[in-house]
Amino acid sequence: MADLSAVRAEDLVKEFGDFRAVDGIDLHVRQGEIFGVLGPNGAGKTTTLRMLATLLPIDGGHAEIFGVDVRREPHRIRQLVGVTGQYASVDEDLTARENLWLFARLQGLTGTRARAVAGDLLERFGLQEAADRPLSQFSGGMRRRLDLASSLITRPPLIFLDEPTTGLDPRTRGQMWDTIRELVTDGSTILLTTQYLDEADQLADRVAVIDRGRKVAEDTPDALKTQVGDSTLQLSLADGSDTALAANVVRRLLGEDPVLTPESGRMNVPLPDPDRAADVLIGLREAGLGISSVSVAKPTLDEVFLALTGHGADDESQMEAAR
Amino acid sequence: MTTTSTMTPAALGSRRIDPSAVVARTTPRTSLQETWVQTLSMAWRALKKMRRKPEQFFDVLIQPLLFTAMFAFIFGGAISGSVADYLPVLIPGILAQTALTVCMATGVQLREDMDKGVFDRFKSLPIARIAPLAGPMIADLIRYGIASVLTLVTGLLIGYRPGGGVLGSIGGIALTVFAGWSLAWIFTWLGTMARSAQSVQGISMMIMFPLTFLSNAFVPAETLPGWLEAFVKVNPVSHVVSAVRDLFNDGAVTAEVGWAVVGCAVVVAIFAPLAVRSYSRKM
């Protein structure tokens with residue numbers, strides 16, 4: 001195979017009735033990288049992943065994984081891809097050890113080998129002590145780890161992680177990130193979806209931003225962030241009616257328009273260089289405008305979205321909720 | 001919980017994954033032997049679940065005990081003149097009815113199971129599409145077995161003496177188990193089609209009641225009006241019941257036994273592919 005791509009998808013389409021959940025998405029994931037698909041709820045991330053994993057029929061377009069046609073050879077694809085779902089897809093009625101044993105047996109490992117692999121994975125994911133307890137006693141983080149472990153039994157070269165840390169507390173999330181990074185050192189390629197720019201930033205080599213079933217951008221996390229400014233100065237004005245005046249000050253000093261929320265007297269100022277924050281603050285002081293709070297923040301997904309699509313990520317979540 | 005991500009590279013072998021080698025090892029479809037191992041693994045899962053949820057056995061315990069005794073004493077005098085004369089007619093009938101009830105539970109439980117997240121994983125694994133359907137059905141053989149034996153034992157307690165002896169009885173039970181397993185494919189198919197476990201239950205009831213009561217399970221077909229008798233005679237349940245009667249009461253492997261086996265095989269040949277197709281399409 002001269003081609004070093006892990007996933008090559010062109011013009012993927014998925015329709016649910018009249019609703020085009022995925023509307024012509026191209027993805028190109030290189031071998032050995034962590035590729036992030038970033039987008040709000042309902043953007044089509046999970047649907048895209050499910051099509052590539054043969055869990056949903058592909059309605060249009062073409063997809064190959066390591067050169068194997070997804071539509072024509074689903075059985076081969078299933079041997080190449082390990083899927084970890086958004087909601088832990090493990091058997092609630094079995095113990096952790098039984099789950100791993102079952103999945104190993106189903107994938108052709110002998111009884112002895114299945115037992116050994118289950119033991120190894122339980123140890124590797126810190127689940128030995130809970131191995132024989134019912135899953136109902138598992139925390140969210142433990143379930144996710146078991147779910148991920150279940151995807152690794154046959155050491156698949158490509159691993160799909162659908163929102164691997166949604167709903168996890170920050171500490172567990174950090175542990176999950178470490179685990180994911182270590183998978184790549186084994187030679188696996190990872191395609192993950194996430195709602196958090198932070199997560200894409202921490203993990204992904206490259207990121208595709210998906211919005212309403214379309215890809216709106218694809219780049220490294222750094223390049224994406226540069227598009228919205230490296231960081232943001234968040235200001236709350238003491239008097240909300242001053243926002244227009246304050247915006248003028250910012251425009252004069254930085255030559256850029258701040259994002260305003262006049263109702264709450266808040267204003268987000270894109271900062272190409274964090275040093276300029278002081279200039280803005282001094283400028284506001286000189287103009288006699290009071291500030292009630294100030295902070296410097298890294299760009300959020302919302303801001304990346306606003307910059308890329310002209311509308312916020314929240315609209316999308318509401319669309320999803322209404323669906 | 002704190003030692004989560006300390007990786008031991010030796011745990012899974014530290015060799016790096018080579019995608020092209022993995023691609024070269026892939027197979028285009030599951031072999032028969034793989035399908036068999038996968039089906040047995042799914043049966044193992046179903047057995048584990050049975051052991052953890054013994055309330056699943058409620059129907060196979062209560063129905064044989066209750067219905068056998070109840071029907072014998074209620075209908076015995078009216079239909080055959082006495083309870084003792086009715087038992088040779090009734091016991092095979094109850095067996096068929098119980099087997100159908102167990103079948104119905106198969107479909108309902110499959111539907112419930114399919115709504116769980118773990119089925120996503122089963123679908124994403126390179127396993128035969130029939131394994132998640134056939135596995136639980138193999139485990140259900142135990143349920144058919146328990147139900148059949150209990151029915152027979154209840155019958156023996158109230159005075160039934162099968163003329164076919166031990167061998168005839170074993171044959172009758174084996175046929176009931178096989179018939180139950182075959183007819184279960186109808187309900188498995190329903191399970192893969194229906195939207196919810198409740199609708200499976202509803203539709204199954206509508207199928208099960210006519211199949212059992214519009215058969216010769218509880219009354220001789222000759223006593224029915226002509227049009228009904230015609231239906232009763234083509235009802236596969238009637239053939240199973242007649243065959244089980246021949247085995248139990250005479251220990252004879254008659255043509256009815258042959259017809260019952262053929263009928264069951266036809267049901268499997270039609271509904272097993274339908275079920276697998278509908279299950280694969282649900283992806």
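Cβ atoms are placed via backbone N, Cα and C, with glycine included.
The shown structure was predicted, so the numbers you read here are calculated from the model rather than taken from an experiment.
Among the features that TrEMBL reports, domain 'ABC transmembrane type-2' is placed at B:55-282.
Per TrEMBL, the feature transmembrane segment maps to B:57-80 (among others).
The annotation transmembrane segment is assigned in TrEMBL to B:86-108 (among others).
Same-chain neighbours of the transmembrane segment (B:141-160): 47, 50, 56-57, 59-61, 63-65, 68-69, 72, 83-84, 87-88, 90-91, 94-95, 98-99, 101-102, 105, 169, 172-173, 176-177, 180-181, counting only residues six or more beyond its ends whose CB sits under 8 Å from a CB of the stretch. If you look up TrEMBL, you'll see B:141-160 (among others) marked as transmembrane segment.
The transmembrane segment annotation in TrEMBL covers B:166-190 (among others).
Look at TrEMBL and you will find B:202-219 (among others) tagged as transmembrane segment. Note on the transmembrane segment (B:202-219): residues 71, 75, 79, 89-90, 92-94, 96-97, 100-101, 103-104, 107-108, 186-187, 190, 194, 228, 231-232, 235-238, 241-242 of its chain, located 6 or more positions outside it, place their CB under 8 angstroms from a CB of the stretch.
Outside the transmembrane segment (B:257-276), and at least 6 residues removed from its termini, the chain residues within Cβ reach (under 8 Å) are 129-130, 133-134, 175, 178-179, 182-183, 185-186, 188-189, 191-192, 236, 239-240, 242-244, 246-247. The annotation transmembrane segment is assigned in TrEMBL to B:257-276 (among others).
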